[in-house]
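Asks: I have a structure here, written as structure tokens, and I will follow up with some questions on it.
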Amino acid sequence: MGINNQNTVTIDNRTLLDKLVKIAIPIAIQGVVSATLGLVDNLMVGFLGEAELAAVGIATQVYFIHYLFLFGFNSGTATFMAQFYGNGDKKNIRKVLGFDMAVALCIGTLFFIVSFFFTDQILHIYTDDSVIIAMARPYVKIGTVTYFFLAVSAPLETAFKSTQQTKVPMIISAVVFSTNTFLNYVFIFGKFGAPAMGISGAALATCIARCAEMVISMIVANRGNYGLDGKLKDFLGWDRELIVRVVKNALPTTGNELFWSIGTSMYVAAFARIGTTAYASYQAAATINNIFSFAAFSVGDATLILVGAKLGEGKKDYAYALAKKMLKIGTLFGVLCGLVVIAAAWPLVNLFALTALGKIYAFRILVVYGLTMGLNLFAGINITGVLRGGGDTRYAMFTEVGCIWSVAVPLAFAASLWWHLPIYMAVLCVRGNDLVESIILYHRFKSKKWMNTVITGL
């Protein structure tokens, strides 16, 4: 594969395939498990009614913003951990992990205060329906404790992935899924002597499952031979140069995910005003799509890990060739996943207790998702895998945040409130954002300005 006139790099397809099987497939399985957990949650709540399903969809927007805020900072630290892993530096991996947890705890505390004490003010951003707000309120309050559990488990998950131990979070996710599904059944419907708590039971089940995830992650990290164990001082011995570089790299990814998640949350504010049936159908379709989307985006995680490791080794030409191949693989995988979404759409939609019109809307939304998944994945891998793997986080932030707020959010409100389009057409308008992003990101990739070795001198 040609890189430039001076250098030619050949990537052995068999070796790359072996790497992808080892790294990407466990990430894909974990993503499917996590998304299936959301599907099971929504299916069980959906049996209570469309209003309950809409209430949970709105209530989880706060968690969605928190999770992506945390994911953004974790992505910034992952660049360092992946490059330190490529360089064989376990000592600095522990330091970055400890700093990641400290920041995650601060983020969790902030979200706890805002979510617990200003619940109604937050919910009013998304809907003016007093019935929906009354249903969503206890779900939000009960779930606030999960922010503290994620402050430990999310950074550990990032560390496992960055050091290419992707099977560990996959197995932990399977345990969490089983726990949450069983507890949902118990608390939502009042089984085995427990009271029937409705959607509040779903929130309680999630809290217990997240607590279990944290405990298991800590035990595995401490007792496993993954290089993530050590004394407390090993995780707190931060030197100024390391922290400055980590923060400089992680702030753009944090801002990226924060403002991207708020922007995506604004779709909900727009779509919810079309009507309860329309929004419930969107919630059902988005939940189904996440199963396939999470699997597809495993290629993005694998790209960051593999490209970051090669940059850590100082092999820039190889990193570029690898990123180029991963973009091709990821886009093709996205197209294939999109076709599967379309083929499976109607049977999966029928699992939900939606009205006949709601099912038609959900099916059409899934067709839109399926047709645009290849383009969505090309843009996503560029952001989360290529640019972040190369430490080009500021450009990634300005591109994604700029596009979502200047293109996607205005289109969501225009389609919903001014043009009065049906929900599936409003979703199609928003997905046009992927085309704009892809054009900008393609030119950045070709320029090679994204390739940076962020650990030099540490």
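The backbone N, Cα and C atoms fix where each Cβ goes, glycine too.
Annotations per TrEMBL:
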| type | residues | note |
| --- | --- | --- |
| TRANSMEM | 23-44 | transmembrane segment |
| TRANSMEM | 64-85 | transmembrane segment |
| TRANSMEM | 97-118 | transmembrane segment |
| TRANSMEM | 138-156 | transmembrane segment |
| TRANSMEM | 168-190 | transmembrane segment |
| TRANSMEM | 258-279 | transmembrane segment |
| TRANSMEM | 291-309 | transmembrane segment |
| TRANSMEM | 329-349 | transmembrane segment |
| TRANSMEM | 361-383 | transmembrane segment |
| TRANSMEM | 395-417 | transmembrane segment |
Asks: Report, as numbers and ranges, which residues of the same chain sit near the transmembrane segment (168-190): CB under 8 Å and 6 or more residues beyond its ends.
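Replies: Long-range Cβ neighbours of the transmembrane segment (168-190): 26-27, 29-30, 33-34, 36-37, 40-41, 44-45, 48, 157, 160-161, 196-202, 204-206, 208-210, 212-213, 216-217, 220, 224, 226.
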Asks: Pairs 6 or more apart in sequence, C-beta under 8 angstroms, 3 or more of them: is that satisfied by the transmembrane segment (395-417) and the transmembrane segment (23-44)?
Replies: no
Asks: Please give the sequence-distant neighbours of the transmembrane segment (64-85): residues at least 6 beyond its ends with Cβ less than 8 Å from one of its Cβ atoms.
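Replies: Residues packing against the transmembrane segment (64-85) from afar: 92-93, 96-97, 99-100, 103-104, 107-108, 111, 115, 147, 150-151, 154-155, 157-159, 161-164, 245-246, 249-258, 260-262, 264-265, 304-305, 308-309, 311-312, 384, 388-389, 391, 393, 453-455.
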Asks: Count the Cβ pairs between the transmembrane segment (23-44) and the transmembrane segment (361-383) that lie under 8 angstroms and are 6 or more residues apart in sequence, then report whether there are at least 3.
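Replies: The transmembrane segment (361-383) and the transmembrane segment (23-44): touching, no.
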